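Lifted from TrEMBL, the feature list:
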| type | residues | note |
| --- | --- | --- |
| TRANSMEM | A:6-28 | transmembrane segment |
| TRANSMEM | A:63-85 | transmembrane segment |
| TRANSMEM | A:142-159 | transmembrane segment |
| TRANSMEM | A:179-198 | transmembrane segment |
| TRANSMEM | A:257-274 | transmembrane segment |
| TRANSMEM | A:286-305 | transmembrane segment |
| TRANSMEM | A:385-403 | transmembrane segment |
| TRANSMEM | A:424-447 | transmembrane segment |
| TRANSMEM | A:490-510 | transmembrane segment |
| TRANSMEM | A:531-554 | transmembrane segment |
Amino acid sequence: MTLVGWLQISLLFLAVLLVIKPLGLYMARVFSGERTFLSPVLGRMERDLYRVSGISPEKEQSWLGYTLAMLTFSLAGFLALYAMLRLQAYLPLNPQGFPGLPSDLAFNTAVSFVTNTNWQNYGGETTMSHFSQMAGLTVQNFLSAATGMALAVAVTRALARSKVPTLGNFWVDMTRATLYVLLPLAIVVALAFVAMGLPQTLDGSVTATTLEGANQVISLGPVASQEAIKQLGTNGGGFFNVNAAHPFENPSAWSNYLNIFAMLSISSALVYAFGQMVGNRRQGWALISAMAVLLITGVAVTYWAESQGNTILTAIGVDPALGNMEGKEARFGQAMTALYAAVTTGLSDGGVNGMHGSFTGFGGLVPMFLIQLGEVLPGGVGSGLYGMLIFAILSVFVAGLMVGRTPEFLGKKIEGREMKFAMLAVLILPLAILGFTAVSAMLPFAVASVGTAGPHGLSEILYAYTSAAGNNGSAFGGLSGNTPWYNTTLGIAMLLGRFAYVVPVMAIAGSLAAKVKSPASAGTFPTDGPLFVGLLIGIILILGGLQFLPALVLGPIVEHFAMLAGQTF
Amino acid sequence: MLNHIRPAITLVVAMTALTGLAYPLAVNGIAQAVMPSGANGSLIERDGTVVGSALIGQTFTSDRYFWPRPSATGPDPYNAAASSGSNLGTTSVKLKERVIADVARLTKTGIVQPVPADAVTASGSGLDPHISPAFARAQIKRVAQARGLETAAVASLVAQQTANPTFGVIGQERVNVLELNLALDAL
């Protein structure tokens, strides 16, 4: 670790900190239905969209209506994307003449993008036509993110309102998230990316004659436009196989900053917007502080671990000064790779600028553990906020048990019904991750997909289901996941992680919205101070640790000690 | 549920037109009009032939050129149509054997141990255009001998081609192998 490395890391967090308030206030206006500076440009288009879709924007929905609208919309998006991928060969903009995807891979990919996971069992430049990348994957990059934001706004309203049976209108929230937040930012970021050297062309590839006289076919495409929304929507699905490690997705330290900044800013600002909408900005900052403490700790551990280098290689004559460079790019170095790895997993982005599977034991443990904590640091756009609110409710419940009072969060009583649904939601993650991992580890044909034997092999499987259920999308890439078994089970894990999680969350929102919002009294446990932040961090760590520590000990922690002992597999 | 079907279908269609076609094509139009070089892959031409991209590494095996990092793309290294890292874990026996072989190969060309880490590790993309200044410096003697040049002349070229972090903070010290080799050919 170096001082310059920490300076590089601090600059990014400082930039995000500066944008949280203005962007948060802007989004609070957007989701309160107020006019913004973009209304003169987009208002007409917004009203036209409602008219042709038969939507009455002022008509609010109950939690069930809101959830059903979201599910129907996601199903329609899935079917459209699945059909497009299967029929790719017959669709336009396919300069390389790629065939349609087989059914299991199309299922996995369509689920992956609709659930905002963006797990990639395919290599972009060797599988996807430009049409599929643009009209298929890019569209779901927008819509799955807008869906997450809408859900978070609905949960926010539940806490802001008193005795109201409705949570807003899903169609309006989703449309406004797309039109007023994602689309304008995507245009700005995409053009900035082109200025930094990301290709943006409809050509398929160009052939160069290298200095030594060989031919080098270089894949091109509409990269910048996809990269922009990939990050803004915390999707993470890259244009190329190696994602943002590819020099065309991430050519320089500057583009690396913009990548991380774009993925971190909306999620963080949405937490601030939450504070604004419930009328307590300090509450927003309290949640942001808890997220920041855990996230920065994650950056520090990975940075430290990777800077030590791989001691097995040091012993055979490799200089550890640059750290562990297998799977990393020279232009980023250890600090910016560690920062990317922690942010992309603390968020549910899942893009990578280095191969997590080649990280050291502890370096690779961090991204996996950050996903297992529930994708709330600050999590995917929207999904991170509602995930964090579930942890906040659990925290006040635990605090209530300790002092013997009825727990309250923002004036809403937390009772049996809410706790039952919260536990249901929280248990989805360990069930999907540990259940599928255990089954896969016992099936010979599933184990055969592993790339590195020994403890790292278990980590590869564990990481895959962690990433899928957490809707993250990053991978320990040694696992050859493009098999019917993994395509199907990872797809199911993604569906559970997104929809089986959010339905109970929305049920909680419905029940909270209908409750009286009582004013704070002397007996109220304040949820916007340092005591609560500490408690919240504790709850997140205890839940995540208790559930996943045994599996992590068998994978990355054994790998760490094997490395120190010089043991290879 | 039924009353949700119409908005679901119309919005998926309308949003596909807006975010899947209008948005990327608009960005495409602006990019091609204003920044065509970057938008088309930052290609480098020499004597009218495209010799590569400034952002994408390529294979060099001759002693007359500086070598890039190992690449894990298949079937050949630096396959810019199929990016890939090795994805080998730290305790992988394949990784260890590969590095032992590469260290031995580099030692034979006069590079002293310990070798710079980037010289024997595959990058994440398999297309890393850069090497560390340490790895570049370690190759100066070999390249100078193969070309019959003064070591000092090649060393000063390496120094010239070494890019520093912006403001001393943002980025890494690095050398673009293709640009260095082009400059070498131009000597």
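Cβ coordinates come from backbone N, Cα and C, glycine included.
With a threshold of 8 Å between CB atoms, the same-chain residues lying at least 6 positions outside the transmembrane segment (A:179-198) that come near it are 26-27, 30, 36, 38, 42, 45-46, 142, 145-146, 149, 223-225, 227-229, 231-233, 248-249, 251-252, 254-255, 258, 262, 266. Count of Cβ pairs under 8 Å against the transmembrane segment (A:286-305): among A:63-85, A:385-403, A:490-510, the largest is for A:385-403. The transmembrane segment (A:63-85) shares the most Cβ pairs under 8 Å with A:490-510, out of the stretches A:385-403, A:424-447, A:490-510. Stretch with the most C-beta contacts under 8 angstroms to the transmembrane segment (A:490-510), considering only A:257-274, A:385-403, A:531-554: A:385-403.
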